[in-house]
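The transmembrane segment annotation in TrEMBL covers 12-32, 38-57. Residues or ranges marked as domain 'PNPLA' by TrEMBL: 13-171. Positions annotated as motif 'GXSXG' by TrEMBL: 44-48. For Ser46, the entry in TrEMBL reads active site, nucleophile. As annotated by TrEMBL, active site, proton acceptor applies to Asp158.
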Amino acid sequence: MRKKSSKNPKIGLALSGGAVWGISHIGVLKAFEDNHIPISFIGGTSIGALIGALYAAGMTVPQLEELALTIQWKDISKISLLFRGLLSNEPMEQYIHKLIGDLSFSDLKIPFQAVAADLISGEEVILKSGKLSTALRATTAIPGVYQPVQIDNKTLVDGGIVNNVPTQMVRAMGADLVVGVSLSSVLNDWIPKNSLEVILKSYSIMQQKCVSREMIHADIPIHVDMTNCSPIDFSCAKTAYNRGLIAGLMAVDQIHSKRKDG
């Protein structure tokens with residue numbers, strides 16, 4: 001349900017998952033900053049949660065852009081010896097510590113929440129308190145690829161399997177205007193070359209098919225077309241950033257109009 005209009009509507013940003021495609025979110029943030037669009041709330045799933053949390057912690061857009069252009073999978077992943085996942089994203093937690101320290105949700109400059117999925121019950125889990133780096137490991141733990149993460153006696157995996165663009169969550173946080181950012185491509189654009197890519201492609205298909213049910217709740221939907229850009233190839237980082245920037249700029253007038261009307 002949409003909130004009643006306000007003289008100074010607060011903007012909430014819902015950022016979707018999508019692996020390397022998620023670097024597009026940095027471009028969207030750049031477009032908003034350059035056009036003086038303030039963000040009062042941020043919610044995210046998977047890579048959207050990671051980008052959103054770092055921004056909410058105070059990292060600047062130039063810092064995020066530099067990070068996106070230098071990070072590699074080895075910085076955030078390692079081979080797992082356990083049966084519950086091919087890889088572990090424990091290195092991500094250490095990487096986050098280097099960037100922003102050992103923060104909790106309550107330490108963030110902008111209110112932030114993330115989505116994970118309970119692997120046992122199948123329910124959506126909203127992460128909004130406690131250790132930030134552990135929550136980010138959970139929301140990015142693609143099932144079958146990464147080991148699940150234990151938080152509060154729950155076995156958590158990537159939130160993209162239940163809610164890849166948490167627009168309703170962001171509205172519940174207090175946003176008057178919700179901007180939802182989704183990432184997609186032509187499905188036959190990416191042909192899997194190994195068993196890991198088969199898992200990731202299958203997951204990507206599921207995410208794209210489920211996005212529409214959340215995007216209808218966005219006041220300003222932003223769709224970033226990532227065709228011809230692999231979601232697992234960091235060499236596409238600059239392309240992803242530029243496409244996010246363009247998509248964000250295209251939404252600026254609509255956002256200003258809705259803020260004025262609100």
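One is the number of the first residue shown, and numbering goes on along the chain from there.
The backbone N, Cα and C atoms fix where each Cβ goes, glycine too.
TrEMBL labels come from automatic prediction, so no person has curated them.
Since this is a predicted model, take the numbers as computed values, not measurements.
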Rounded to the nearest angstrom, how far is the Cα of Asp158 (active site, proton acceptor) from the Cα of the residue listed as 'active site, nucleophile'? 6
If you skip the near sequence neighbours and keep only those at least six away, which residues in the chain come within under 8 angstroms of the residue listed as 'active site, proton acceptor', Cβ to Cβ? Gly17, Thr45, Ser46, Ala116, Ala117, Thr139, Thr140, Ala141, Ile142, Pro143, Tyr146, Tyr203
Tally the residues of the motif 'GXSXG' (44-48) by DSSP class, grouping H, G and I as helix, E and B as strand, and everything else as coil. 2 helix, 2 strand, 1 coil
Would you mind checking how many other C-beta atoms are within 10 angstroms of the C-beta on Ser46 (active site, nucleophile)? 30
Confidence over the motif 'GXSXG' (44-48), expressed as mean pLDDT on the 0 to 100 scale, is 96
